[in-house]
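Pulled from TrEMBL:
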- 63-97: repeat 'WD' (REPEAT)
- 98-139: repeat 'WD' (REPEAT)
- 141-182: repeat 'WD' (REPEAT)
- 184-225: repeat 'WD' (REPEAT)
- 226-267: repeat 'WD' (REPEAT)
- 269-310: repeat 'WD' (REPEAT)
- 311-343: repeat 'WD' (REPEAT)
């Protein structure tokens, strides 16, 4: 049974099978039966499972960020109401509501061991939480002179890096909840996104100033500046092997960079009709996913840059995307007030037509 209100495969009297988006009654794809009864509708059903595994998780507010817990059964989301929620993926139920921020939550992140959560907010603070109980840990981390846009855990879970409207990055201790390095300047605009390399040796940041910068994680000294985007860069990520950096930009492109040299790899990935607000690598590094103001999610082949799929369902900009730990599911968060869970496997592409 497909989730109601997401997509609908239908076969008409002319043997055409059409995949519809019920909310707008818009056809998404169409195939005709030729010699193998039921194949077209079967294929459409498989395509439908890519679009959604279950009904959307309704949060009834603009959702700015989503992240998976290691068990693949829960996600963490934060957004407009200033709260962080831990949600059961199967039922959509809120397991814990983490209250403390006084303004928009811009990003949430999960520690590598799954025991800690962190969140950052327009209230200029960063908070640390117990992932099992939802209780706050330590005092709020304050020091930035503007909205805090992004946070990420170091691979060992001992540090958090943050990027802010104040154009700086800071590194914080998860033991003391205090700044241990920074503030470090370098960008000439708000720092929208930060991430650690898998080995924890470097940090990458994306900024309003159209650049991507790479920093030494031990000293926060600058290493590389990656130039090429023509508009702001709201999202960056490292590949699982640390050899590549991806960036999404308001210029509607996704770019892949050599993490060592800073050189562009291949050509920009184009296809979105609006700003790209979020990007992520699959856990095995073979796929890239991007979310856009155009309300769609696109999946790309990380090696070739070719488009694999365009996923529709959100009705407003997609602000965050995240693969499940096993890479089989994809979570997305949107201004439309929902978190959606999608089938991220490629089984739907294996049918012999």
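Cβ coordinates are placed from backbone N, Cα and C, and glycine is handled just like the others.
Caution: TrEMBL annotation is automatic and unverified by curators.
Note that this is a predicted model, so its numbers are computed, not measured.
Taken together, the residues in the repeat 'WD' (98-139) have a mean pLDDT of 98 on the 0 to 100 scale.
Residues of the repeat 'WD' (226-267) grouped by DSSP class, helix first, strand second and coil last, total 0 helix, 17 strand, 25 coil. Listed by sequence, the residues of this chain that lie at least six past the ends of the repeat 'WD' (184-225) yet keep a Cβ under 8 A from its Cβ atoms are 146-147, 149-156, 159, 161-171, 231-238, 240-242, 245, 247-249, 257, 259, 261-262.
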